[in-house]
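Annotated transmembrane segment per TrEMBL: 6-24, 36-54, 74-101, in sequence order. Positions annotated as domain 'Calcineurin-like phosphoesterase' by TrEMBL: 178-360.
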């Protein structure tokens, strides 16, 4: 979160915070609208300041109490903003309903029964107001609990998703072969190189033969040396190597610097290209042998920045065709692509397995259908067509830690012969 994006992000969240405070005051008829708006604005300014200074000082901090304190403060600030972002739509619906209810009451005469009730005591009116206050108070409380818990879970929990996949034409030497996937680690403010090391170790504990990283590896370039060290040390954990395809954030953050770092490690970059991992019979694969001479190929596509629609579809097809060109017919091929839209290309070319990321699974599961509706057909999880598979990793990391019913993950694919 840097530059113009950071400023816009803070302004938008601050506006939501103030608007949510005003809506709350309207619902409860507290008469303190200006004070609530001012208090909310001041707290939001403090939160924005904390996030700004955390991002500003972060490149020069490598550890210690100062970094820990700023990190905790940044998490608290994120929780503050997300509380109002979650509360706003609910408060808006409540406020709209109350507005029309009050408008309707204002336009009709008061009945004698209501006058009598009002003259005796204000029980029903006070009861209604008490109910509205309680309901309005429950909204920010629930939002704060969701925000806080979502940040804690997002920071601390990493799922290991195990997928046994059956293929009718699997070469015999790939029976039981395990491939790990890491995607969208976004090393930076809320995901450290040590977190990447943990993810790699979790996969190694599952006896993974090969690791695929499907883009958006690092956001904070000051962490390139530490990231390189983790990758250098982690390469020994995967006997058949580590492969990498680019995501959009490699371009946003510094493609040349990230590429230089990757090329100084044993990682193989596949960018609209492919390579032969085994010419057949299990050759070039650790501990593998067999009679089947069909080769294993790993292909990878670049990230497409073409506008959505026809241009994006055409560029996607071009990238995929370039990546697959020259792979012999009958080869068992695995396709790496950051954008999950490439699953369609994998199915069209009858690629047995396409691995993707990019979407983070929406992170907040309740908005999943909305995210799918705006253009992410393949949001998260496993998809299958005509014996081919496509999988969208939910993200091993994130640039904001908030997650609800959509935890971070590393994926383990175990290839099996369909019988």
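Glycine is no exception: its Cβ is also placed from the backbone N, Cα and C atoms.
Heads up, TrEMBL stuff is auto-annotated, nobody curated it.
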Within-chain partners of the transmembrane segment (74-101) [C-beta distance under 8 Å, separation at least 6 from its ends]: 13-14, 16-17, 19-21, 23-24, 26-27, 40, 43-44, 46-48, 50-51, 54, 132, 135-136, 139-140, 142-144, 146-148, 150-151, 155, 189-190, 400-402
Same-chain residue ranges lying at least 6 outside the transmembrane segment (36-54) that approach it to Cβ under 8 Å: 1, 6, 10, 13-14, 17-18, 20-22, 24-25, 30, 70-71, 73-74, 76-78, 80-81, 84, 189
Averaged pLDDT, computed only over the residues in the domain 'Calcineurin-like phosphoesterase' (178-360): 97
